[in-house]
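Taking it in order: structure first as structure tokens, then the write-up.
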Ligand code: TYD
Ligand code: MG
């Protein structure tokens, strides 16, 4: 007798195995295999019979219509999606619990509903009353959003197929959905995949835009199979630190738009507020005049963003000094430290290094190297950097400062926010407009910048108590202290 096929599927990565085992060989996680009823594959005898249909091949050149978009009415959300929701597209929004996914989507659906579009919000996690309560708190209770607390995909699709097709459907969250077509329990990889598939098919067929909310695991991946990320048209991740009010919406994948844009929001008592000028926000609590901080003039997507980089270099008692980084790539930090040691004579091997990007932003640009190096040397030399200066430039392994793109935009933003000078790569100096409004200091090599900063400082511990006390106060990250003026 043929055995009913079932397989053991890793709930972390989606890999399937014939037998149970303690460790998933694909991703290395322990105790993540769960027995699930296998896909009832079509027998080979039936599959092989049909001859394929022929179709016409097209050329690359030819007419293409711009994807019709539906703006959400929230400029920061539209920036990340690339100008609004595309008809028939499916978007996955991931983020930690409590970060504000439901709040963001309640606001977006309400705004669209108020603009006269049919929008539906399906909550699988909260009862209708809870969703209403949130809408009330947001002052959006009057918006004509259609609500339901449902988890059966078949019921949802049947209901939504009636009447006018909704313009936007929010499914909060995909992990709570289940479909009859597979036997596994809700939340398992197979269920999540099958439910997502059914909803995506519905979106493509009817032209409704669907937003799926996805949970994230403790290491920040969107829970469930990676296949869902491959199936959807765009993946947005909603990030932020719980203790802070800023929330950053970042596009991780986008078939219809850019992937390097960020949208910045602030969580307030009345919901999420859009932050049109993030630089002002990230610099609002600067710790003026203390060593170890440098302002980086960065670019996020199409928008310049100034942000404070904070470094603390402290003597280490450990055999292997600590290197702790928040908001930047730790490999990149190691590289900058190595260049400082090898080419600039800065000995860091006996020091712990802590590095933080203020405001919870994550920086991926190599252009941050120069600002990071300036912050590190400033902390080590106990020499505060000029508070009216911004830094940008990439550092190469030879210790040279390499040019970076978009110099005029960076300088313009710095001038707008009242900065008076910019430290930039020698080769990009020519890119700067004549009326930049900033004094430009170009550096060709990192060693000249290091010498410049070190000349102004006193090495910590060289003299008595006072600088030590300063160093200790510097250990409190700037954002936990407010400085007036
Ligand atoms: P929520 O949208 O429920 O998070 P998620 O769906 O991502 O789990 O938001 C939860 C948090 O947001 C909660 O801790 C309360 C806070 N919040 C505010 O601060 N202001 C508000 O107006 C709302 C609605 C929520
Ligand atoms: Mg929620």
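Backbone N, Cα and C define each Cβ position, glycine as well.
Owing to the predicted nature of the structure, the values given are computational and were not obtained by experimental measurement.
This prediction places the mean pLDDT of the domain 'RecA family profile 1' (66-216) at 91. The annotation domain 'RecA family profile 1' is assigned in TrEMBL to 66-216.
Summarising the annotation, TrEMBL assigns ATP binding site to 95, 96, 97, 98, 99, 100, 101, 102.
What TrEMBL lists as motif 'RadA KNRFG motif' is 253-257. Note on the motif 'RadA KNRFG motif' (253-257): DSSP counts are 0 helix, 2 strand, 3 coil.
Among the features that TrEMBL reports, region 'Lon-protease-like' is placed at 352-485.
Feature annotation from TrEMBL assigns region 'Disordered' to 457-485.
In this structure, 101 are the binding-site residues from 96, 98, 99, 101 whose C-beta falls under 6 Å of some atom of ligand 2. Mapped onto three states, the DSSP output places residue 95 (ATP binding site) in strand. For residue 95 (ATP binding site), the same-chain residues that are 6 or more apart in sequence and have a Cβ closer than 8 Å to its Cβ are 101, 216, 237, 238, 239. Scoring each of the binding-site residues (97, 98, 100) by how many neighbouring Cβ atoms lie within 10 Å, the top position goes to 100. Over all protein chains present, the Cβ of residue 99 (ATP binding site) has 21 other Cβ atoms lying within 10 Å.
Its Cβ placed at the centre, residue 102 (ATP binding site) has 21 other Cβ atoms within 10 Å.
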